[in-house]
Amino acid sequence: MGLLTLIVSLRSLRPPSCSTVKAGDCNSHATPFQVGIFYCSLYIIALGTGGTKPNISTMGADQFDDLEPRERAQKLSFFNWWMFSIFFGTLFSNTFLIYIQDNIGWSVGYGLPTLGLAISILFFLVGTPFYRHKVPSGSPFTRMATVIVAAIRKWNVPLPSDPKELHELDLEEFFDKAAVKSGPNTPWKLCSVTQVEETKQMIKTLPVLVATLVPSVMGAQVNTLFIKQGTTLNRSMGPHFEIPPACLTAFVTIFMLISLVLYDQYLVPAMRKYTKDPRGFTLLQRLGIGLVIHVVIMVIASLTERYRLKVARDHGLVDKKAIVPLSIFVLLPQFALMGIADTFVEVAKLEFFYDQAPEALKSLGTSYFTTSLGVGNFLSSVLLSAVSDITKKNGSKGWIQDNLNVSHLDYYYAFFAALSVINLFFFVVVSKFYTYNTEVMESEIELRK
């Protein structure tokens, strides 16, 4: 963030402004060095995010003692309020900071969050002596890799009928062969059943991870095509103020914050009376509800875009990059529902992968959550390019063009709705055959008592 702030502050690190170059040459004056250092700062942010996101939420959840009933009950609400704090920061970013960047300058707009990060590091260092720290247990990838390699090496070794022949306890399935006491006692040829069980617990969550990729693709539309739609609409609020296009995502955040509080404070206590589950809904049920909302969102987005195109045609604006005489608040339902869906999908994803990961692999479990977001954004770009290219074949103009008034985002959103329905059916099948970890079930039974 410090490097990014310098880039927008120092003239030598950024291309000249449009007022200092010839018309039409505005995009051709960034030097390779300027482009390189800009992307370097973004990649450093990505590396830092990869280190912090899976670990901060894990460390926060680890502060609750599962052996203490009161703290174990509080832990059930931790991820709700964790995501509340994340989205509260997002709301600040999507409103105040964007206003600062547009009206004061990029230097201040990037300098403020850089200062905020410096303060947060100070808070972290001051609090470190008071946190509950778990003893490092080595790389989770190494623990899993040793099991997989040992199992492959022993794929033709029969499982013994005597449990004592296993390295610890008797289990079943392919990976158990990694624990068969056969051959040399080395890490890559013989693993404990504890390691085998940890590996199987992580692998069995992979189908759920796959089912969360499509919702992440849907979420990526908020910061791309949804905002692009907003730029074509009337954004006036009074005679002297227009909503910046990037501020549209604030609607998602606002509705997420509201629905998250209502969910934690009212819906969960009400559902406990009927389901007898301390969470109100199981983690997969909560995730499933969010997936249903995603289907509704894309149907509404498709219908809304169809209406926007109709208004553009009625006013003769199809071949022009003109503002359609339609209020930007016509997009409010899809933004609002996306915020409500995040209350179910995003929180459930984070809590599920943390909850279902074995004790030694909790940070790897929460990294599944960030993996879902990253892969989802990548797939969003791939799908956009693929659909754009495919629909341009045979002389067609294509569904997605720079001028949205001649595009067919309504078809694209309908395609996403169909994709969401298919993913929902896949998730239902995965959920039906999924079994929660034994220790998690025992903990919930104690909480019910």
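Residue numbering: from 1, along the chain as shown.
Glycine too: its Cβ is placed from the backbone N, Cα and C atoms.
Features reported for this protein in TrEMBL:
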- 33-50: transmembrane segment (TRANSMEM)
- 79-100: transmembrane segment (TRANSMEM)
- 112-131: transmembrane segment (TRANSMEM)
- 243-263: transmembrane segment (TRANSMEM)
- 283-303: transmembrane segment (TRANSMEM)
- 323-345: transmembrane segment (TRANSMEM)
- 365-390: transmembrane segment (TRANSMEM)
- 411-434: transmembrane segment (TRANSMEM)
For the transmembrane segment (283-303), sequence-distant contacts whose Cβ falls under 8 Å of one of its Cβ atoms, 6 or more beyond its ends:
208, 211-212, 214-215, 218, 221, 226, 333-334, 337-338, 340-349, 351-352, 355, 410-411, 413-414, 416-417, 420-421, 423-424, 427-428, 431, 434
Can you find at least 3 Cβ pairs under 8 Å between the transmembrane segment (243-263) and the transmembrane segment (323-345), where each pair is 6 or more residues apart in sequence?
yes
So what's near the transmembrane segment (112-131) in sequence-distant terms, Cβ-Cβ under 8 Å and 6+ beyond its ends?
1-2, 4-5, 59, 63, 93, 97, 100
